[in-house]
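Step one of this worksheet: look at the structure below.
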Amino acid sequence: MKKTTIASSAVASQKQTQSKLGNTSSKITEQQTTHDPALSRSFRGHEDIITCADFDPKMRQVASCSKDSIVYVWNFKPQQRPFKFVGHKGAVYCVKYSPDGETIASCGQDRQIRLWQNTVQSKCSIIKAHCGAIRSMSFSADGGYLLSSSDDKTLKLWRLQDKKFMCSFAGHKNWVRSGVISPDMRLVASGSDDKTVMLWDLNFQKIVSKYSTLDDNVKISQINSYSDHMDTVSQVLFHPDGTCLISSSFDHKIKITDIRSNKLIQHYNAHDAQVNSISIHPTGYFLASAGSDSKIKIWDLRQGRQIYTLYSNDKDITTVQFNQSGDYFATGGSQNLCMVWKTNFDQNIQNIEQVQRSTVRQNDVEYSSGGLYAQTLFKTNKTASLSPSKKTISIIPPQQLQDTFNNRGDDELNNGRVHENKQSNSPTFSQQQQQQQLNLSENQYPGLEIVGNQFNLQQSTLSNNNNQNNLIKSQNDSIVSNKNAIPFHPSSEFQQSAVQQQFSQQPKLVVNNGTATYPSNFVPKVEEENIMTEAIAASMQQIYSRLDTMFQYMTNLENRVVQSEQLQKSFVSQNHQNTLDPKQQTMNFGYSNIQDHSLSASLNDRNVVNIFQAGALANTGSIEASLINKQQEE
């Protein structure tokens, strides 16, 4: 009896179960927990290592290929027998279904691509594609093109309608293990034994228009090259949204790169041996990986962590592949068995989608989106602006959340990280409430006005637009803060309870079409203004005092400079006198001393003026330091 242990993480209640698999049986003999992956079917027929497996898009079959040079097609209906395609000479490395499920493509050691009709009595079309073994293939999203990767260090694009060669991608310095076409059919990614991942630009519109009238060759260009891996790149994949590139390597690692910013955003030390294959769930939430350490691992890309580990008696697990709906995934390896697993992710995905569609209120604190509390999306810092008269500070009122979502930057990626959003200029409150001001007493905050306040929203992993109005309401429920305001943190029970107590006595806001308004009987309380506002008021008052002192001193300096210049002119006029009596000479001698002192004072005063000008450009602290030093010198 072969034994497979399925170890799940805390997401699956941290339970471990075991299932015993017979050599030819396709049933599970031991009950497993509800949300754990479970073996559904196993197919035996190959005589050598299984190298690749793929699902029929209509979920009628699963195809597998092997080093025994045979392609098997396994039917899920028990009454239908499997059939096999024979024709390759040597190992078959890859098998793929076309998007419509009517064609099966296979390639291998014999340097050929074979296109099979998905019937028992199949006709085969042969494309002599490369000068070396063909390692992998990828269909375009519309099924019209096929990309092949080869040991001849190139990738080639083929038009399936007439089996015609379109273009070649040359740039790698070693075998090309994997190539894939992006979902929007504009990019091609490739991974090679030269430890690099390359990204290529490809415009399919040029293929069918401009270049098809010439020689059907496509002008391509290499966009970028990534060399983060330390060993052979075994496979590359595009994320379903087309913004990220996922690569696996023999260096035991899996890396996810944002192709818009060319930045590495996730990195996993995935296996204890080389990673042979990866597959992305259609939702983009989960990633499956297979390695030579006898393990299959499932990763939650939203949380950035491993959630399942499946142990197998296969020394090398060479392939893993999700089906089109994400309900199943297939694996194969050195035991020559093609295994089909039920993911049981549907319940987890339903829970996620249900939370995204609705919000739950507890003590006037709303939370939503995958268990992330809504209050963790808010920061208690304020955004302030100084009035033209420099006598008031206005705390900008809350902005409309819809524009915040629409104006977010391209560097934001729904991968579990928190990003700052761009500010919106569209107000959420009505015009009457925008004009509402909280007039503070002159003794407490001299010359200061406070208008509203604002919480700056940071976006977490929110993709469903249905919960935006709920977040607007959650944001505006927290519009009035107090002196005991604390920073939000999702992992602190104490802070959560304090937040709930803080907001429990605050007024409800009425939300209508994304616009939040105060109740008619509500009057904001001045004494509950945030302590941060007090700090702003005190700081600005100190700045005003320092500026007044600085201006007075600069005025005195200018007067002294004028007096010194007048004394200097008077002394020069006296020197032009031709005859002087002894008494006048004594007077001139006195003027000379005064002139020397005045020149020195004039130079010093001008230096002080320059110092003040430089200090004013730097900061108020430097100005104050210059004032104190000059007063001490005098």
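Using N, Cα and C of the backbone, Cβ positions are placed for all residues, glycine too.
What Swiss-Prot records for this protein:
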COMPBIAS  1-35  compositional bias 'Polar residues'
REGION    1-40  region 'Disordered'
REPEAT    45-84  repeat 'WD 1'
REPEAT    87-126  repeat 'WD 2'
REPEAT    171-210  repeat 'WD 4'
REPEAT    312-351  repeat 'WD 7'
COMPBIAS  397-407  compositional bias 'Polar residues'
REGION    397-439  region 'Disordered'
Exercise for the section: Would you kindly list the residues that approach the repeat 'WD 4' (171-210) from elsewhere in its chain, counting only those six or more residues past its ends and only Cβ-Cβ distances under 8 Å? Expected result: 132, 135-142, 145, 147-151, 153-155, 157, 159, 216, 218-238, 240-242, 245, 247, 249, 257, 259
Fill in the blank from the handout: Taken over the repeat 'WD 4' (171-210), the predicted model's pLDDT averages 82
Exercise for the section: Using DSSP, tally how many residues of the repeat 'WD 4' (171-210) sit in helix, strand and coil. Expected result: 5 helix, 17 strand, 18 coil
